[in-house]
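Database features (TrEMBL):
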- 12-31: transmembrane segment (TRANSMEM)
- 66-89: transmembrane segment (TRANSMEM)
- 101-120: transmembrane segment (TRANSMEM)
- 132-150: transmembrane segment (TRANSMEM)
- 157-175: transmembrane segment (TRANSMEM)
- 195-216: transmembrane segment (TRANSMEM)
- 228-250: transmembrane segment (TRANSMEM)
- 283-305: transmembrane segment (TRANSMEM)
- 312-330: transmembrane segment (TRANSMEM)
- 345-365: transmembrane segment (TRANSMEM)
- 377-396: transmembrane segment (TRANSMEM)
- 520-538: transmembrane segment (TRANSMEM)
Amino acid sequence: MNLRNINYKKLLIICILFTTVGILSVLPAFYGGYLKVTFDGNVHLSRFESIYKAISAMKVPSSVNFIGFNGMVAAYNSFYPWLTGLLFIMPRFIINNQLHAWMAGFFVVNFLTMVNMFILSKKLTNNFSLQLLGTFIYQLSAYHFTLLYSRMALGEALAYTFLPLVFTGLLNIWADNNIGILFLGIGMGLIINSHILSALITTIILAVIFMFRCVLKMCSLKEIRRYIYSALISIITSSYTLLSFFSVYVNNKVETPFHLLQAIVASDVWIAMLNNSIKDTSSIFNIGLIETLLLVILAVPAFISKYSKWKLWWMGSIGIGILTLNWLPWNSQYLVDSPIGSIQFLGRLLTYVVLFLAISVVMFLDKIYGQKFSMSNLIVLVVPLLAMGMCATYNYHITKKDDPIRFYPHTNHDFNEVAYHKFSVFDYQLKNNSGHSRIPIKEYSVYDTKQKYNQISIKITSSKARKYKFNIPIYIGVKYTVKVNGVERNIVPGRMLIAHLREGKNTITITSNPTKLQSIALIISIISIILGTSYSFYSEVRKSNVKNIGAI
């Protein structure tokens, strides 16, 4: 790579712009010196605390979580990927103040979202201003702020961050460029390492696009081979996540999260957009007023002009957007009980609405204006987007007690209290075993537990010597060591923990460490991600026509 061919002035401008927008995207969520933590946010605080403690001890995290979740040892580390969550976790090793560490984590995620979308935008146009426009439409969407701050659905937010890489790969493959294999594979691998459901939805959308290309006879055997290579790369980069997930899911009868198909209510969402609301109510999830208007306005040229590629992306955006609305019979029990019901909230699909909208807007304006689209045009569109995003986040942030499950930590003690003690229920419980229904359930307080990254000790008092059942699942495929009053006991996997207590005070200690295979898979995943992303970005910079991407 010839370093002289890089326009450092424009790279500096990009860094300054992304840093500025990244900071402004984060500050309202920390106004007043606290973070507003939701139900999902509580889950992630506990999960990430467990990962942080394990890494601090130079250990591979356990398959189950001993920190948080009312001391009930949930399998979130297996069912909910954590590898890309390191973007939120790693600042803890540099910044002692947890509030500031979380700020840094949110900034990094926002910054990477813009970088990834900018890479995709460069495949759509040579106009620098339009590349930035596509980037900021994606970054400043109201739904992006909903994921990050009002839902705190951080797994989905991370998938949102890496989704542009998937479509960068697709565009390269369609252009007969082999680097597309790596972008598509790495992008899908990172999404799998972020959020399993997002990976499944993305796979379905890619399958629909593939079938569409096959119908139009646009797909070749060479293209199919590239898809297969990309799939292999995604499997390698997500090998640890997939191994952890399937080792528990396949071997156990697990209560999966509830099925639901909550559609967006058209009348309510319009009011929410007018109010610039990002409230975490699934019936009013939205992409924001400005972006919705862009989506609607593009309908005019889409219907009156001749065929153009941008129309296909717009059709995908508007089509998926319509599918999220309550205009369709999504409340059918048949649909809810089907695998589709795993989506729960149709608003999740807004991620793809935003991405396809950004692509279509960039391609449309590039076709109409080309290099005439200037930085002043960009400012006119982006400044209102940024202002509305910041205001929406601020208004949500300062509204307190809008839900029974809300926490407002600002000190390290506050964050630890939420992570270790503030949770009432959890998913991925084992299904009831009727054969042990006569054994009474023994309750205990989370404050009577000592929680570590790979172990929990529970102090319990029993009125008499007898067997008790505990709300602690013992998953098949997970290594456990259980001690009662210092003596190791045999346990039966695939059911809730059963232990014989003596009269008086007792201590139960449960320990779990990952298998050697998991440790090996984690090393493979990390190395492949580092090598894959490094080569992808190196190739992008090497082939970049940074000097010729349009006047500023």
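Using the three backbone atoms N, Cα and C, a Cβ is placed for every residue, glycine included.
Small disclaimer: the values here were computed from a predicted structure and weren't measured.
Between the transmembrane segment (377-396) and the stretches 12-31, 66-89, 132-150, the greatest number of Cβ pairs separated by less than 8 Å involves 132-150. For the transmembrane segment (101-120), the list of distant contacts is 14, 18-19, 21-23, 25-26, 29-30, 35, 87-92, 94-95, 131-132, 134-136, 138-139, 144, 148, 157-158, 160-165, 167-168, 171, 358-359, 540: same-chain residues at least six beyond its ends, Cβ to Cβ under 8 Å. Within the chain, the transmembrane segment (520-538) has long-range Cβ neighbours (under 8 A, six or more residues past its boundaries) at 1, 60, 83, 165, 179, 182-183, 185-186, 189-190, 193, 233, 236-241, 243-244, 514. The stretch from 12-31, 66-89, 157-175, 312-330, 345-365 with the most CB pairs below 8 A to the transmembrane segment (132-150) is 345-365. A contact between the transmembrane segment (283-305) and the transmembrane segment (345-365) is present, since 3 or more of their C-beta pairs, 6 or more residues apart, lie under 8 Å. Sequence-distant contacts of the transmembrane segment (157-175), counting only residues of its own chain at least 6 positions beyond either end whose CB sits under 8 Å from a CB of the stretch, comprise 84-85, 87, 109, 112-113, 116-117, 119-120, 123-124, 138, 144, 147-148, 181-188, 190-191, 194-195, 198-199, 202, 206, 209, 223, 226-227, 230, 351-352, 355, 359, 536. Residues 42-53, 55, 102, 105-106, 108-109, 112, 154-155, 158, 161-162, 190, 192-196, 238, 240-241, 244-245, 247-249, 254, 419-429, 444, 446, 449, 451-456, 458, 471-473, 475, 478, 510, 512, 525-526, 529 of the same chain lie 6 or more positions beyond the ends of the transmembrane segment (66-89) yet place their CB under 8 Å from a CB of it. Under 8 Å from some Cβ of the transmembrane segment (345-365) lie the Cβ atoms of residues 117, 120-121, 124-125, 130-131, 133-135, 137-138, 141, 143-144, 147, 156, 159-160, 163-164, 167, 197-198, 201, 205, 260-264, 282, 285-287, 291, 294-295, 298, 301, 308-311, 313-314, 316-317, 320-321, 323-325, 330, 373, all in the same chain and six or more residues away from its ends.
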